[in-house]
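Database features (Swiss-Prot):
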type	residues	note
BINDING	46, 49, 81, 98	isopentenyl diphosphate binding site
BINDING	88, 92	Mg(2+) 2 binding site
BINDING	88, 92	Mg(2+) 1 binding site
BINDING	97, 174, 175, 212	all-trans-polyprenyl diphosphate binding site
């Protein structure tokens, strides 16, 4: 499987600069929040989201050099993403992310919530200073979508009436919205034609949905040391994802186990078995592959270039995480 190092080669130097700048942008006026943010930016993330912004920027600028605003947009994107992870971990009461202790487990929930708020506030400040109203609207929508996604997930816990449409809507809010809107924003900053910007949005949306579906499959199939959290943790917390939704169609018993919140001994083990036996994993793979194919199609509007090639290969990378 291709590594992110070779995948992001066209923006390698840009990403190095971004990592250095992120720590500086967060600032040290609040030592505890600064320490929390420092911990986050050192937590081994692959910087996929800012890399997409940088690749789209270079693919739409072609021979022109990246502007300071394109670089700042990539930094804002990573700040927003990181803030959402911090709040996610508080809501999910998670102790590990990428096999690294979460901010809430390292400090406490109060500091974690404030650290997330701080990053959202910082990103909003830098966003406003881009002086581009359309980009401000696109990224502000992402912050709203994060909250809406968390609310949707919370109110639908252990709800077996959840359908595929609701699942995809929640996945868009929590994952795809940031990738879609930031990709479009990069096109806007490059003064790309309107239809190109719209295709960039669609690329990001379908790539983001594929990414989330793959994540949800891995939650069932990957051991803790690979995933950085216990296998089946989504199901345990009542978050019903694509593999469980598909398996419930074949095995209604799975729905009953979920509704009683795995209260009896052996319930969870049986539920995980039913997901595997009920074609939940196979059908979810097909769903992810379909979203990936849609993402590929929307890149045809870009001229051939190394950054465009990386954006195409990124689609294969997302699906390749399953192997």
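Just so it is clear, glycine is given a Cβ too, placed from its N, Cα and C backbone atoms.
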From binding-site residues 88, 175, 212, the one whose Cα lies nearest residue 49 (isopentenyl diphosphate binding site): 175
Other C-beta atoms that fall within 10 angstroms of the C-beta of residue 175 (all-trans-polyprenyl diphosphate binding site): 25
Cβ neighbour count (within 10 Å, all chains shown) around residue 46 (isopentenyl diphosphate binding site): 15
Residue 81 (isopentenyl diphosphate binding site) to residue 175 (all-trans-polyprenyl diphosphate binding site) - Cα separation in whole Å: 9
Spatially closest candidate among 46, 88, 92, the listed binding-site residues, to residue 174 (all-trans-polyprenyl diphosphate binding site) (Cα to Cα): 88
CB contacts for residue 92 (Mg(2+) 2 binding site) [other CB atoms within 10 A, all chains]: 18
Greatest C-beta neighbour count within 10 angstroms, which of the binding-site residues 88, 174, 212: 212
